[in-house]
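Below is one structure, written out as structure tokens, with a few remarks after it.
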Amino acid sequence: MFWNSIFELDLCIGLLLLILFGLLSLRNGHVSLSHVRFVCQCWLVMITPLEVQDYALCLLTVVLLQNFHSFEALLFLLLGYVGQLYMLHSCNLVSFYVCLEAQTLCVVVLCGLLARGASTSFSVEAALKFLLLSAMVSGMALFWFSAMYLRTGSLDMVGQETFWILLVMLFKLGVAPMHMWSVDLYGSIPKSLLLYLSTAPKLSLFTFWASSWHHDFSVGVFILFSMLIGSIGAYGQPALRSLFAYSTINEIGLMLLAIETAGFHTLYQHLGIYIITQLLLWNLTDKRLFALCAVSLAGLPPFAGFFGKAWIFWHAMSVQAFSLLAAALFCTVLSLVYYLRVIRLFWTAPVHTAASFAGAPQQTTLTSACAVALAFAPVMLVKPFVI
């Protein structure tokens, strides 16, 4: 308990000093934003506990900080990271609720801060929809937590009914049929915030699901809804972002299928491929590389997305979940149609010249590393299929 208190005190003091450093330095003009971003990244590395899942979240947040160009956005990203970090180790309903709502607050505020130009009203409207729906779900969950405390006298997660925790997590993940807020946000928020929303909250929620929380409920109905709506809803979408919003819903359904049939090792594998693909997808300037990312998302060989989905299907067959497997295969074939349309659209587009790649060295390094991981990950993922 003493060392936990020391860690929390160090985290709070470090965050306060970081706020003062950023405000005073940027106001006087002696330090650029890149230096403040570097200090933020160093602070993240220093406060992160020595556990694998914590460092995975820390590394992802360090990468995401490169896409934001205001001190206020960096600050709210750090606050969101603190909420995600503490949620990974939550064993109490109150701490889980506070950490989850801290992430929601950061997303809503960032939608307002980063809205620019003609899309400002749409971004704020989508953020308000998300806030109101999230407040309704969280309010019902809080009422249930209070009723459970009156009945049992305890707020510990162990030995309690966890149905409302499951519903809240599925809502935050954007699982169908509780997915409409994600479609609105994907279509209106800036690309940097879209990249954050599609990676970091999902990593923290799934990691909390695997490490700190267990339940006895089946999520088969939500798997079917997510895969069907994600694969069918993408048809007829005029905007590319809306198409990838439904693609994300489909991917979340596959991750839930991994939890239901294969376990968390397979979940982490597919989630890692998904995060790498998202980092590559929203940082690219070349259209043909964008088309190759769509190939991986479609689950076509030889990229890593094919082996991630194949491993999930293999485990579903091994546990004899034939109905879920048949639905997953059917939805995967349906999703191939709009993925192939994206591939055709971007592969036949004019190829950019080398001048279009002139950008920040950090972004070039990030996209190169993600591309290498996406291409060579099958060497590691093919092992389960080798007898």
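Backbone N, Cα and C define each Cβ position, glycine as well.
What TrEMBL records for 91-281 (among others) is domain 'NADH:quinone oxidoreductase/Mrp antiporter transmembrane'.
TrEMBL lists 289-335 (among others) with the feature domain 'NADH:quinone oxidoreductase/Mrp antiporter transmembrane'.
Sequence annotations record features per position, and here TrEMBL assigns transmembrane segment to 6-26 (among others).
According to TrEMBL, the transmembrane segment annotation covers 55-82 (among others).
Feature annotation from TrEMBL assigns transmembrane segment to 94-115 (among others). Listed by sequence, the residues of this chain that lie at least six past the ends of the transmembrane segment (94-115) yet keep a Cβ under 8 A from its Cβ atoms are 68, 70, 72-73, 76-77, 79-80, 82-84, 86-87, 123-124, 126-127, 130-131, 134, 138, 141-142, 145, 155, 157, 165, 168, 172, 185, 189-190, 192-193, 196-197, 201, 204, 208.
Counting residues 6+ beyond its ends, the transmembrane segment (127-150) has Cβ neighbours under 8 Å at 93-94, 97, 100-101, 104, 107-108, 111-112, 160-161, 164-165, 167-168, 171-172, 178, 180-181, 184-185, 189 in the same chain. Under the heading transmembrane segment, TrEMBL lists 127-150 (among others).
What TrEMBL lists as transmembrane segment is 162-181 (among others).
According to TrEMBL, the feature transmembrane segment maps to 193-211 (among others). A Cβ distance under 8 Å defines the sequence-distant neighbours of the transmembrane segment (193-211), meaning residues of its chain 6+ beyond its ends; these are 53, 56-57, 60-61, 64, 67, 77, 80-81, 84-85, 87-90, 96, 103, 107, 110-111, 114, 169, 172-173, 185-186, 241, 248, 252, 255, 259, 264, 267-268, 271, 274-275, 278-279, 282-283.
Feature annotation from TrEMBL assigns transmembrane segment to 217-236 (among others). Sequence-distant contacts of the transmembrane segment (217-236) (same chain, at least 6 residues past either end, Cβ-Cβ under 8 Å): 162-163, 166, 170, 175-177, 179, 183, 242-243, 246-254, 256-257, 259-260, 324, 327-328, 331-332, 334-335, 337-338.
Among the features that TrEMBL reports, transmembrane segment is placed at 265-282 (among others).
The transmembrane segment annotation in TrEMBL covers 289-314 (among others).
The transmembrane segment annotation in TrEMBL covers 320-340 (among others).
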Notebook entry, point to check: What else in the chain is close to the transmembrane segment (320-340), if you only count residues 6 or more beyond its ends and a Cβ gap under 8 Å?
Noted result: 220, 223-224, 227-228, 230-232, 234-235, 237, 243, 247, 250, 253-254, 257, 260-261, 294-295, 297-300, 309, 312-313
Notebook entry, point to check: What are the DSSP helix, strand and coil residue counts for the domain 'NADH:quinone oxidoreductase/Mrp antiporter transmembrane' (289-335)?
Noted result: 39 helix, 0 strand, 8 coil
